[in-house]
Structures are given as C-alpha cells and as structure tokens.
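Quick look at what Swiss-Prot annotates:
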type: BINDING; residues: Cys279, Cys358, Cys376, Cys414; note: [4Fe-4S] cluster binding site
type: REGION; residues: 449-470; note: region 'Disordered'
Amino acid sequence: MLRAGKKTNSQTSTSNDACSLLYINVPDFNCNMSQIENYCIDRFNLLNEVSKLKDTLSAQKSNTSKDNEDFRNLSSRFLGSTKDEQFKIKDELSHYCLRLAMCDSTDRNWFITTESILLANRLNQSDLTTIISSFKGFGWSPVSQEEYEQYQDDLGYLVKKANLNLNEVNNTHFYKLPFQDIPKLIDTKKAIIIKGEAYIYISNFKDMVIHTFKNYMNFALDRIKADKTRIKEEFPELIQFFTTLPKAGDGTNKPQLGNTKHIRKEDVSPLSKTSFPMCMRVMYDSLVETSSLKYEGRLQFGTFLKGIGLPYDEAINFWRIAFSKRVSNTDFDKEYLYNIRHNYGLEGKSTNYSPYSCPRIISKSPHNGDKLVHGCPYIQSLERLEQKLLDLGIDDFQRIQILEATKTSPNVACTKHFNFLHPNNTLTKLINHPNQFYDQSMEYYKTLEEKKSAKQSNNKENENQSIDEK
C-alpha cells in the first residue's frame, strides 16, 4: 500500500474548499498500485480530451452552456460523478500522481495548461458567490464602502471595461489584492493599481483564481522535481509506471508502446518463442499444456495480447480453441465470453482495459508455492524460474546471469532475458512493461530484415556490375 501524502489542516472550511479546488493540501489516504495506474491513466485521458475539446472550441470561437456541458460530461466519463463517494479520492490522487510524473517531463507545460482549462470549466459551473467565499483566506479583500466612495472615479474605469453602468454596481462588486498576484490582469487592463494594491471587478475573479493556480503549479512542480530522487528510492514501482505513460496528445487510452499492427490467433505461438517476455511465455505455455488459465492470468495475458494487436474477433477464436480441450463452445460462451468482451470495452462501463505494466503484474503475483502461473516469474520461486529457463533451452551462462539479476530487480532480470533473446540489440533502458518487451523485439527483427534486404540488394548490384564489366 502507498500513502499519498500528509494532510495539511486548514483553518476554515471555506479555505479548505479553495485548497481542494487548487490542490494545495496533499491528501492523506492509502492506495495501491492498481488504483494509481487506473486513476492516472483516466486523468491523463481526460486531460487529452479536454485539450482537444478546447482546441475545437477555440477554432469555432465557441463558449456556450453546451460547451460547459461537454466539459462536465468528459469529467464524469473519466473521473465519475462529483456526487460519487470516490470522486474526491480519484480526483486528488490522480492529480497529485500526475504532478510527480510531469514535474520533469517535456509535457510539463501541457499539464499545467490543461489542468488550468479543467479548473476554469469547473469554475464556470460554480456559483460566483460560493467561489469568492472559498477564497477569503487568501487575503483577497472585498472593497469597503468607504474605499468605494473614495476611489469611485478610478473604479468607474473597470465598470466601463465590463460594459456596465456605474449606477448598476456598488462596493460588493470590487476586490483588492496584492498587485504582484495578477500581472496578467494588469497587462490586459482588467485591474487598476491604487497605492500599491490592485483592484478588480468581480467578473474577473475567476481569471485571478486561474492565474494563481498556474503560479502555484509551477512552484509545486519545482518542489516535487527537487525531491524526486528520494521519491524514486521510496517508491520505485511508481516511477517505473510513469515511464509507460504515453506522450500528451497521443490519444491512447492506456500506455501503449508503438505496436499498431494486427496479429492473428495463429501468430501467437511463433511470437511467444521469439518476442514474449517471460511472464507471458509462462502463461501461454501453461495455457497450451493445461487448456486452463485462472481469472487473473486471463486478464494479464488477454490484455497483453490485445496490446500487441490481437483484435476482438481473433481473441474470441484464440481463447475458444485454447479452452477447447476441457469446455464446449456453449460452456465457453457462458463462462468466458463476457470477460473477454469486457476486456475489449464491449461490456460494463465500456472501459477499454490496457495491458498490465510490470509494477501491476508484480503486485498481482501469487505467493511462492502457489501453482498459479500469472504474475512476475522473477520474484517467485527461483527453482521454478530455473526450470523454465532450462525448458526454454537457455544455456548455463545465460541462466546464471538471469538468476543473479533477480537479486537486483525483476526488471534487470527481464532485460537480461531480452538481451539474450536479441543479440546485439539497441535497447538502452530497462524493460518495465511486457508490451515494451514485445515492441522492442518487433523493432529488433524489423531492423534485421532491413539489413538483410539491404545486403541482398547490394549483392545484386555487385552481380550486375560484374556482368556489365564482362
């Protein structure tokens, strides 16, 4: 279990609301890697969709109540309804974890901008009076009647900027705050400075909140970046997971690693011998031998196959044949069809499940002694791992190297296995996702084919040249 952080107590419920809105106080609750992975990916997808929707609306110069509804529907789709009991936990956990992922990423500015768009939309859906009351603890003061009368002529400029009549407003429509808090509003002439303090019209209050949020996010990400080495040592599996996140704008709903080519059910067997990581090879071989794979194994192996390009129709046929030694077609439809459809997002909440990452597979590994075959083989019985290496024909030297590497980390051992399967490869970092293993293998064999074709082409040119010389 991971603890997300320590709770900071606020002085008032209103400031709590503001801190929650701006994600200022780190929440305090227990969570596991499965929650972190799913919540982070859902928020990442939400931000991607928010960014695309914002671009569309900007191009259309649109900003209507329907647009606000579109944003609200996006949030509900990925984070759930704000009325749900788990919404606050999912919202805060996913935000803070993505901060850690983005603090030193090239997508950092995208993250800040898109989170700001999300906040702006939430503000648009909130009552302005409620928002203002939430920020009383920030030192943003309403203008007193005395100040209003004293500076009425100056404040009249802001009223004209808002296309209103001075007779329609009073002191409650204005706020003052330190001028350094809102340089953008000053630059755009939406604020005036009187005796070192900035005065704004109430309609610009939301802009002030957004600007404050952006400044705070830059500060917070810098602080996290400075502390990331310690966090990496304390939660290495978390940092490993972040490396599998797609780039902003990829449009993928889960960490995907480059494979877009479809495969057929007939391809699974030969690919298992050349390009499957050990965890998937163990499950596949067991499935072939026993015509059985427990629920967790079916999830891990099934989503892996989907990730390497096995379409839904092919997956149905693959699993039907795999279980045919012990179940009829009718029993297969009753026992397994729904779960396969569910994995492909065709049942339930239409969630298109992603391949499991290494941290998640490790967290799901059965205890030593269990006869279950799912999970990470590098953290389970060394005797069983050694026997599997022998079965695969891995020589003594390579076998010892892999077994020794398990003492360092399962990722190091998995990378050793990859290197032995793919001599003279160009892999430059540790394997941290089964689908990364597969995709790197595909790249390896693609490169070999290209070199082979280039060599054949070169030989043919030499032959033709030799004939011409004769």
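Just so it is clear, glycine is given a Cβ too, placed from its N, Cα and C backbone atoms.
Positions of the features from Swiss-Prot, shown on the structure.
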residue: Cys279; record: [4Fe-4S] cluster binding site; DSSP class: helix
residue: Cys358; record: [4Fe-4S] cluster binding site; DSSP class: helix
residue: Cys376; record: [4Fe-4S] cluster binding site; DSSP class: coil
residue: Cys414; record: [4Fe-4S] cluster binding site; DSSP class: helix
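Shown in sequence order, Pro277, Met278, Ile361, Ile362, Pro377, Tyr378, Pro410, Asn411, Ile431, Pro434 are the same-chain residues outside Cys279, Cys358, Cys376, Cys414 whose Cβ sits within 8 Å of the Cβ centre of the [4Fe-4S] cluster site.
In sequence order, Glu237, Gln240, Cys376, Pro410, Asn411, Cys414, Ile431, Asn432, His433, Pro434 are the residues of the chain that are 6 or more apart from Cys358 ([4Fe-4S] cluster binding site) and have a CB within less than 8 Å of its CB. If you take the C-beta of Cys279 ([4Fe-4S] cluster binding site) and look for same-chain residues 6 or more apart in sequence within under 8 angstroms, you find Gln300, Ile361, His374, Gly375, Cys376, Pro377, Pro434. Cβ neighbours within 10 Å of Cys414 ([4Fe-4S] cluster binding site), excluding its own Cβ and spanning all shown chains: 27.
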